[in-house]
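Report on the structure given below.
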Amino acid sequence: LCGSQFWNASETWWTDDPDFTPCFEQTVLVWTPCAFYWCFVIFDFYYLKASLDRNIPWNKLNVSKALVNLGLLVITALDLIMALIKKGGDSELPLYDLDVWGPIIKFATFLLIFIFILLNRKYGVQTTGCQFLFWFLLTVLSIPRCRTEVRQDADRQKILDSQQDTKHNFFWEEYQFVSFFISFTFTCIMLILNCFADGMPKQTKYQRGENEIPELSASFISRITYRWFDSMALKGYRNPLEEKDLWDLRPQDSCSEVMPIFAHHWNQKVRKNYKGRARVEPKAQFSNGHVTFENPHGEKNGRKKGMASIMPPIYRSFGGVFLFGSLMKLFTDVLTFAQPQVLSLIIGFVEAHETDPQPEWKGIMYSVLLFVLAAAQTFILGQYFHRMFIVGLRIRTALINAIYRKALRISNSTKKESTVGEIVNLMAVDAQRFMELTTYLNMIWSAPLQIGLALYFLWQQLGPSVLAGLAVMIILIPVNGVIASRIKTYQIRQMKYKDERVKLMNEVLSGIKVLKLYAWEPSFEKQV
């Protein structure tokens, strides 16, 4: 592939002066960021499609991004041309596959990023996490090659100083040296530029005023660190927060955006539950504050097949963000158990220092790795809970809107089947339960995964003694089942009491004049 050894453990691991092979630096350390971006570019497509804004004006930031990226394209294309010249010329230097495929892979990746820079400006996307992570990985993973190139250049200078007649033999190496450091400089510039968000779009679906939430215009690094929330925290630290201090709701989380999606999928589900349904696809539109719902009872000649479930429309409406949050939860669980393994390596390094001393750089690497894993887990876990709360909020918004709209449109005969208290509890309590459930719903698969990983790693440390803890967990399963069953029974009973209380309060408020005239306040107070 590259005319040299791909991996050499004696140079990389079992040494006091570690270094990767040139082949490894020019393949794995370069192609890994490229593969990352090609795998996760689908998120950039999603943000383009979901954007509610359009047409960011040209400014210093996006022009700089486009020009620097264009410079990288030119340098990469020049690398490919030089490799082809090297192949077709009279040079005695061999041409390897890496000399051709390396620039092609980088050129394709830089070209894709350049296209997305233009598309992000057109569709009003002010920041993108995939591009930031790509430039961050490419910059960090290029540092080992910087060290290698500097060392090789120093060796070449020594040879050139001793033999003046061999300068032409190093033309290709000197070109690679200059080309790499120009590319590395441009890469660092792109990383810095991606730390900032682009300007305000010209065309917005919703009016964006001074009281808009700063998250909309925050950069990716500001969002993962919640830097945009600092002003609110500081204001709350200095003075008690009031309603006027709060920011406007994000347009993506507003009822006007959430409800049409949910209504569309709900109408589809209702139609499947009735025979003789219309052939056209159900539509849900939001205009002038009104959502268009189709008749949930189907056509007049339709025959009901069964009650429509609320869960499939919820899955289809909000499942994408929920699945992305589940992926974050999986990464968090893996990182949770990766940290004890690194800590075990640190302990082993310290214990072996007296008997079989290891290079000092390994201990430093273990410590840095432990910090990186802990920081990554913190960032990802914060984003997981943030997204789960957003999904729960959207589900709650959709359910409250649907219940309230249904309550306004049901017939008088149907109203007799449900009390006002039951309807209020559906909107105030049951919808809130969905929001609370969403945050911890992933524990259905996450808890068994954590238990399995914990038992596996504990078995390596304690052996069969782990079975005692496993037995305790198994014994507690039926106990927890009984407790959960009792809690469910009490909650059902509590909901009935709430229904009765709300119904009684409604009667009290409706007939307050009669209560006052007959002095019935104490007796009704006791009943409430």
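Backbone N, Cα and C define each Cβ position, glycine as well.
Annotations in TrEMBL come from automatic prediction, not curation.
Remember, predicted model here, so these are calculated numbers, not experimental data.
If you look up TrEMBL, you'll see 28-47 (among others) marked as transmembrane segment. Using a Cβ-Cβ cut-off under 8 Å and counting only residues 6 or more beyond its ends in the same chain, the transmembrane segment (28-47) has close neighbours at 20, 102, 105-106, 108-109, 112-113, 116, 120, 125, 128-131, 133-134, 137-138, 141-142, 144-145, 320.
Summarising the annotation, TrEMBL assigns transmembrane segment to 67-85 (among others). Distant neighbours of the transmembrane segment (67-85): 95, 99-100, 102-104, 106-107, 110-111, 113-114, 117, 172, 175, 179, 182-183, 186-187, 189-190, 193; these residues of the same chain sit at least 6 beyond its ends, with a Cβ under 8 Å from one of its Cβ atoms.
Sequence-distant contacts of the transmembrane segment (100-118), counting only residues of its own chain at least 6 positions beyond either end whose CB sits under 8 Å from a CB of the stretch, comprise 26-27, 30-31, 33-34, 37-38, 41, 44, 62, 65-66, 69-70, 72-73, 76-77, 79-80, 83-84, 87, 128, 131, 134. If you look up TrEMBL, you'll see 100-118 (among others) marked as transmembrane segment.
Summarising the annotation, TrEMBL assigns transmembrane segment to 125-143 (among others).
Annotation source TrEMBL lists transmembrane segment at 177-197 (among others).
Taken from TrEMBL, the feature transmembrane segment covers 313-331 (among others). Beyond the ends of the transmembrane segment (313-331), by six or more residues, the same chain brings 46, 258, 261-262, 265-266, 268-269, 380-381, 383-384, 387-388, 390-391, 394-395, 398, 438, 441-442, 446, 449 to within a C-beta distance below 8 angstroms of the stretch.
Sequence annotations record features per position, and here TrEMBL assigns domain 'ABC transmembrane type-1' to 323-528.
Residues or ranges marked as transmembrane segment in TrEMBL: 364-386 (among others).
Same-chain residues lying 6+ beyond the ends of the transmembrane segment (440-459) with a Cβ under 8 Å from its Cβ atoms: 322, 325-326, 329-330, 333, 336-337, 340-341, 388, 466, 469-470, 473. The annotation transmembrane segment is assigned in TrEMBL to 440-459 (among others).
Feature annotation from TrEMBL assigns transmembrane segment to 465-487 (among others).
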Margin query: Given a Cβ distance threshold of under 8 angstroms, which distant residues of the chain, six or more beyond its ends, lie next to the transmembrane segment (364-386)?
Written below: 224-226, 325, 328-329, 331-332, 335-336, 338-339, 342-343, 345-346, 349, 439
